[in-house]
């Protein structure tokens, strides 16, 4: 009988724990270094307040509605491709914070860079808003197609269940890819087919330079702070401010990514284990590689190998066992077709279209002279002024909208599982099927 190779790998929960633990450690390291550099000297202790402000800006900025919507919809899209992405939020926030880090490194080299941010930020703001609004609209369309497919498969599964037919294995139908929408959006949608590809998307989202300008202002303030002897802090030390901003933002965005991953896919592994043990039976090709070369092996080695092959060659080989990965994939597919996944996907689609509309309308209101005049008119500008001020206020309160989105998802998930738990405890009530 062929020997089995035992290996260990991280479970989905283990990957999530490793990610979040690493980010918590990164936050702790940044704060320890900040405390060492600025906390020991009373003259530099006021800079700690700037560091705290930079870190909290990162935490708050991670809750911006465009961040939440982009990460949630990208996670949903990757799950539909058969993946269980853990790092969508990490790569998106790293890409977004790259602009902040680059700007502040440039300020550390020459503080005159800050005076040039306004001109660059105007163009960058247009590009960033246009990219974020377009991206969210596209992923909203893509998830609409995904939701339609899930509903069709769910309907087919229920029909087969009513007819007492075995469950079918759903595969992507090539006819679906011939739809006009998929022909137009296919290259853009399939671009983000790996979590790391959210990094360039995050970079484009960061072209607005609004956050970079805020952190840059803190950096300039830190450089302008004078010690009792009249000297300023080393210019390289201000790099800690964008690093604190980055670690704070990646922590919250990654937590949101993990939350949405489990919300959409359920708890497919049904275990709290961090590491799982797997066994693999070597294939015939691997066994052949272990055979000695007839040209160089001794007759004794060839005889022993032939005897071993005969003993390991039963007349009727046993059927291949179902692997843990196959069971895991089937469970994920069932969870993706569940009622909770459908509800969350619908919410994500509505949020993506809504945030896209808010972003684009805010961009139009900023760049249209007559729109600005109506919004800033002393008499209120009538209906037009109220209209454009409403879109501007929605953009300004993006952080509150993002926090409300996360809270809505949490309430839906908790309410869903809470209701199912109550129903399952009632006498005579069993658990519903996978498609419920």
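Numbering starts at 1 and runs along the chain as displayed.
Here the Cβ of each residue, glycine as well, is placed from N, Cα and C on the backbone.
Annotations in TrEMBL come from automatic prediction, not curation.
Checked against TrEMBL, the range among 198-220, 267-289, 290-312 recorded as transmembrane segment is 198-220. Sequence-remote contacts of a segment are chain residues at least 6 beyond its ends whose Cβ falls under 8 Å from one of its Cβ atoms, and for the transmembrane segment (44-63) they are 27, 31, 34-35, 37-38, 93, 97, 211, 214-215, 218, 221-222, 225, 227, 233, 240-242, 244-253, 256, 399, 402-403, 406. Comparing 12-38, 84-109, 129-151, 232-252, 398-417 for CB pairs under 8 angstroms to the transmembrane segment (340-364), the maximum falls on 129-151.
Here the transmembrane segment (12-38) has long-range neighbours at 44-45, 47-48, 51, 55, 84, 86-87, 90, 233, 237, 240, 243-244, 247-248, 250-251, 254-255, 258, 261, 268-269, 271-276, meaning same-chain residues at least 6 beyond its ends whose C-beta is under 8 angstroms from one of its own.
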